[in-house]
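Quick look at what TrEMBL lists:
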type	residues	note
DOMAIN	18-230	domain 'Serine aminopeptidase S33'
BINDING	PHE24, MET93	substrate binding site
ACT_SITE	SER92	active site, nucleophile
ACT_SITE	ASP198	active site, charge relay system
ACT_SITE	HIS228	active site, charge relay system
Amino acid sequence: MIMEGAEPFFLPGGSTGVLLIHGFTGLPAELVMMGRYLQQRGCTVLGVRLAGHGTTVEDMSHMTAEDWLDSVRDGYAVLRGSCEHIFVAGHSMGGLLALLLAAEKGQEQALEGVISMSAPIYIAEERGIAALPPREVCRGKFVPKARRRLRDVPPAVNHTYRFMPLEGVHEMLTLIERVKEVLPAIQIPALILHSLNDRTADAESAIYIRKALGSEKKRLFWLKSSGHLIPVGEERETVFVQTAAFIAEIMGDAWPEGRANAI
């Protein structure tokens, strides 16, 4: 059974489609507000549910990085059937998956750009990643997931797993290594959004991504008051505006004012 808020969502609009990808142990609901904002600006939006998410943490423990990437490929295929132009945007681990899709599908004329939000290349030390046991010890092991209850968001945003599978953490680390390998091959325009105060994905991650990307057109925009969950945080409006502006610019419209934090 799928949890409330874990259902994929589809918001019909114009010929420009946006594929939204949630993060590790997250839900599509975390990106609904962003999706509605983009729909109001003429985009067709699809929020995918990654394999093993929104059911049980035991389900998730059996999933691999390739399973999650397959979920993203399926979502891309759905949008490809109805949209002429596509952008892919992901938060946290979803940002890693978005970058992998950009490397894989970037030669297709339909994929116009990629948006990476809080994608981790370096995990913050306080998350204890250095103490992660070897994979063979992690099978069937779960640890509590610390996350504060978010305010001023749809209730479903707070419906998330209370535990995380340690095997899944190893799979996410696999994704990080895969992304590092393919970043130079990504040629499509890229927008990187990251908070200077991110205590999950170290801010150095964004700098690494920007430097390693093969894209000629790439922009890093810093958020200053947010944590890791920038699509639902206090600066979410800025995230939405910058994303919509990036899409508009690539599709031929001018980038609006408000570029002070852009690099």
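First residue shown is number 1, and so on along the chain.
Positions of Cβ are set from backbone N, Cα and C atoms, glycine also.
Locations of recorded TrEMBL features on the structure.
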{"residue": "PHE24", "record": "substrate binding site", "Cβ within 10 Å": "24"}
{"residue": "SER92", "record": "active site, nucleophile", "Cβ within 10 Å": "27"}
{"residue": "MET93", "record": "substrate binding site", "Cβ within 10 Å": "26"}
{"residue": "ASP198", "record": "active site, charge relay system", "Cβ within 10 Å": "22"}
{"residue": "HIS228", "record": "active site, charge relay system", "Cβ within 10 Å": "21"}
In the three-state DSSP scheme, MET93 (substrate binding site) belongs to helix
Close to ASP198 (active site, charge relay system), taking Cα pairs within 10 Å and only the recorded positions PHE24, SER92, MET93, HIS228, are HIS228
Note the mean pLDDT of the domain 'Serine aminopeptidase S33' (18-230), expressed as a whole number.
-> 90
Of the recorded positions listed as PHE24, SER92, MET93, the one whose CA lies nearest the CA of HIS228 (active site, charge relay system) = SER92
Integer Å distance between the CA atoms belonging to the residue listed as 'active site, nucleophile' and PHE24 (substrate binding site) | 7
